[in-house]
Each structure stands twice: as C-alpha cells, then as structure tokens.
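A.B. asks: For reference, the structure I am asking about is given below.
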Amino acid sequence: MGKSSRSSSRRRRSDDSESESSSEYDSESDISDSSPNRRSSKRRDRSSRRSSRRRESDYSESERGKKRKSSRDISEDEIAAYMAKKAQKKAMRVAKKLKSQTVAGYSNASNPFGDSNLNEKFVWKKKIERDVSQGAKLDDFSIKAEKKRQRERMAEIEKVKKRREERALEKAQHEEEMALLARERARAEFQDWEKKEEEFHFDQSKVRSEIRLREGRAKPIDILTKHLHGSEDLDIELNEPYMVFKGLTVREMEELRDDIKMHLDLDTETPTHVEYWKALLIVCDWELGEARRKDALDRAHVRGEEPPAELLAEERGLHSSIEVDVREYLQKKTYKELENIHSGVESQLRYGTAKVVEFWEVILKRIHIYKAMAFLKEYHTKMLRKHLQRLEEHPDIEDRYVATDALSPIPEEEAENDDTRAISPEVMVQEEAIEPEEEAGSFSPQLLHGDDDEDAIDPEEDRAALERRRLAALQEQQRRRQQAMASKPAPSEDNFEIKAMKVMGSMEEGDAVFGSGSEVNLDSEVYWWHDKYRPRKPKYFNRVHTGYEWNKYNQTHYDHDNPPPKIVQGYKFNIFYPDLVDKSKAPTYTIEKDGTSSETCIIRFHAGPPYEDIAFRIVNKEWEYSHKKGFKCTFERGILHVYFNFKRYRYRR
C-alpha cells in the first residue's frame, strides 16, 4: 500500500516535469512567433494539462481500488495487534508526561520498598493487550483516565497510611497498657513479698523474745509480749505492763517505742492485741516526753545553767499544786468510768457548759493516758485470773515455779476466801499510795535554802531511783528463778502414780483398780509412723574444698598457665535429721583413726534413734576452729552443719 502510493507520486512528478518542460519549450518558440500562434499554443497547453489530470485521476482511482482490494485481506489478529501497539505507545507517552520525582511521598533514594526506580512509571504491556482484546477503549489509556486512576490510587494509599498509623497507635497504647499492668502486678507482688518479709521478721522477733525470756536476759519488749500472750512455761508478771517504763533511759525508751510500733503494725491477730499495743504506745510517748524533759532539767542543773523556758512553763490551766489531785482523781477510775468522763467533758466543752474551760481542756489532754493505763491494768487483771484458774485446774503446774521472797505465791486459804482481792488493782494502788507517805516527808518542816548552791534531794528523783533499783532486783530474781527452772530435771515416771492419785482423789466405796491384767491383746498393725521411725542412714549433702597455695616452691616451679596440683583445703558436711526422736539432744561428731592410712582419718556423726551412725574418710590435718576462718558447727531445723578448713602452714627463715 505505501509503495504503490510512493510510485504514483513519482509518476505524477515526472509527468508534471515533462509538461512543464514542454510548456517552457512552447513558450520560447512562441516568443519568436506571432501572438495568434501564441494563443493557439496556450490552448494546446491547457488541453495537455487537462489530459494529464485525467490520467492522474484515473491512476488514483485505480490505486484506490487496489487499496480497497488489499484491506479486505487484513485479519482480525493483525488489527488487534495494531490497536494494542497503538495503545502501548499512547500509554508510554502518558507515562513520560506523568513522570514525577516522588511517588506518594517516597523517592528513589528513600522508600521502604528498596526500589531505586520508584519514580519511573511501569507500563504493563501484556495487560494492555489483554484489555484491548477484551474491548477496552483507547480513551482508557489517555492522560485524563490515567490521572483519574492515579488519584484513586493516592486516595487508597492515604487510607492505608492512616490505617497503619492507627494500628501503630493502637499497638503503642496496648504496649503501654501491658507495661502498666506488668508494673501493677510487680508492685502487688513486691508488696506481698514485703508483707511476707515483715511477717517473717515479726515471727523471728517473737522467737528471739521467747529465747531471751527462757535464758533470763529479757528485754522490756519481751516482758510486754509475755504480758499479752502469757505462757504455761513462763512465770506470770505481777506488775502492770506500763510499769516496765519505770527506770528506763531515754535511749532504751526510744528503742522500746520502735518495738511497740512494729508490734502495732504487724500484730493484728485480734482487736484486743491492737488495743493493747495502742495503749502501750500512748503510755510510752508520755513517759518518753517526761524522761526527755527530766534529762534536760538534770543537764541544766549539772552545768549550772538556767533550764529552758519551755521546760519550766506549766500547762495552761494546770498548776503544779493540783497535778497530784488530777492524777489521783483519774488514776482510781476504771476504763468505763474514764470513757464516761471523757464523753462528759467533750459534751461540756462542745455546748459551753464547762465553768473552768482551761482546766477541762488539760484534763481532756491527760485522760487518754489514764485510759490507756486503765485498759492495760484491766487486761493484766484478766490474765492473772486466767493464770490462777489454770493453777487450780492443774495443780502440778505449781511444781514448775520456784518461790522467792519478793514474789511469794498466794496462800491457798486466801485464794479460796477472796480471789478477787488478791489480784484486784485497788490493792496495788493502795500499796503505791503508801510509798509517797514514807518518802515524801510531808510531815517534816520545809527546808529553807540559805544558799542557792546547796544540794538537796529531789523527792521525784529519789522515787525514780528507788523504782529503778526495785526493777533491777526484780529482774535479777526472775533470772535466778528461770535458771533454777532450767536446771530442774524433768519429772520422771516414778511419781506418775502419785500425781494420778492426787488428781483422782482418794478411793471411795465402789471404786476398784482397773487396768491390771485387763489389757486386751490387739492384732499386729503397721502404723503410719512405722516407716518414719525405722532405723536408717541419714541423708547428707557434703562438699570438699580443693585448691593450691602460691608458696615459694609453687611460685618457682609453676605459673598460672601450668598451676600446681590441687590439695584438699576443707570440708562442708550437711547431715539431715528431720525425724529425731529426742530433739533436745543435738547430733555430735567424733574423729577416729583410720587403720588403713595415717594420712586420712574417719569422722563419725552420731544423732540417736532412728538414725544410724554415718562416717566419712577425710584428710588427716589440723583444723581451723576460728569462725573467721570458716569454721561452723550448728544444728538448726533438723540439719547438722559442720564446716571447717585446714590450717595453712607458712614457713619463715
């Protein structure tokens, strides 16, 4: 088709050139001829041109006929390929026109896809061929259509970005919530651990307190704990719990206050225990303040200085002359009476019916101290009654106690006739009221100080010193009594029948001895404790400690790359005895000679039934018995620990 059009155009150009040359030749010849000839020649030229045009039109019509004939021979596949190629070229032109430096905010250099040709638009030729073959229009590949698709893609990309940011935010919030939950869980576990640790230390403090009480070296907090719990194995305290503060120094009282505060925080077994420790804390704060005040006055007196004004200042509404009257008025009241007085004073001050407001305000400040003392006194009385009742129910308990002059037991006749009078708090108050009568010297004339430098005995100081001496004597007596109790052997089975007859009483009419020859033989049975107490070897977990010494010889012949041979330097033995029959006797060990070699010896451990002796062969060297050198020999919680190292000999010239 293209070749035929080109040949026809060449022919037209050759015909035109021939006609032009003939016309030029005729024009030149006409110049020489006349004008009529010239006109005739022009006519001939026109006719020749018309003929040539007719020939050209005929030729073009023949060419068009050929073209129509050739178009009928083109197949559909060729047309589809032509259209697809045209669509591809159009898509390539659109891609070049829409090329940009960044795509969705990403460039070739920085993008999360690792694509270095990101800004070059990809033309999917196969897809274009498929779309065209399926009837897609060429307008779908235009710039306008591509821009519309690009806007849709960008909108989708923005949605994806938004969803990604939302997921990231949700993930961060979830991680933060999980971290918060983990912290709360860790905090709760830590609080639980802390509480368990405090409970463990509290239990250990009670164990230490009981050990100190048994060994006769009790602290003030141990006496207060014994007042609260009581024990059949220990003596009962005859003095009220608040009497333990008498004679203590400021430092001892501060330590006692810390112990009371710890018991108040941890000993919450019953409300009575909490009230007991609260009352003791109130009394301790009062006694501590008075002790600090008195120490400050004593220091000022010793140094010859004037006491601070705040120490000499009297409380508003409470003169020193009526201090004794207030103390006697409140001290004789019971806890319920003090509660009524407290509520009455508060109501008077609230409604303004009190006549002397300052006085009752001070009474209101002091009454909580006497309420605490009254509570402790009543609780102590209750414990004394329980102890007396226990003695009456079990007379053999009296054999455990050793009577002393200061703490003589209550006669049985007086206990039977008037039990309440023997342990009532009023008797103790009367006894305390007798002491100031003997010491205060109220009937003697008042001492006139001729000189300010003269020394005189302060009645309050003398009374406190006397109370300290009495408390020291009482503690010494208790210590001796507990030592006597510890040294007293356990009652044997010889006097079992005597005690049984004492409890049952004398035989009456109709009574007979039962048991002699009346025992029934039972079938043999394997008990649950049979395997527990069968003879067996104890379990053990031992360790040998080896090493080498850098003495002169080893330093000469060896180095760190080639160390000297190791030698045994010590042993650690852990022998388990959880089921000892007699747990009052600790296991022991002995060293025996080894008959096979003089360089070794035998260490034998003996504990008693149900455990057999166990022995080990060890190196025969001299031991280090110093705790600083690692020696340890203890038996606690059913485990015998024997740790020791051998002596190291150092030679000197």
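In case you wondered, yes, glycine gets a Cβ from its N, Cα and C as well.
From a predicted model like this one, the values you see are computed outputs, not experimental measurements.
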A.B. asks: Of the ranges 147-191, 417-461, 507-551, 552-596, which one does TrEMBL flag as coiled coil?
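C.D. replies: Checking TrEMBL against the ranges 147-191, 417-461, 507-551, 552-596, the coiled coil one is 147-191.
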A.B. asks: For the record in TrEMBL, which of the ranges 106-128, 474-496 is the region 'Disordered' one?
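C.D. replies: Range annotated as region 'Disordered' by TrEMBL: 474-496.
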A.B. asks: Counting by DSSP secondary structure, give me helix, strand and coil numbers for the domain 'Splicing factor Cactin C-terminal' (529-653).
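C.D. replies: Counting residues per DSSP class in the domain 'Splicing factor Cactin C-terminal' (529-653), I get 9 helix, 53 strand, 63 coil.
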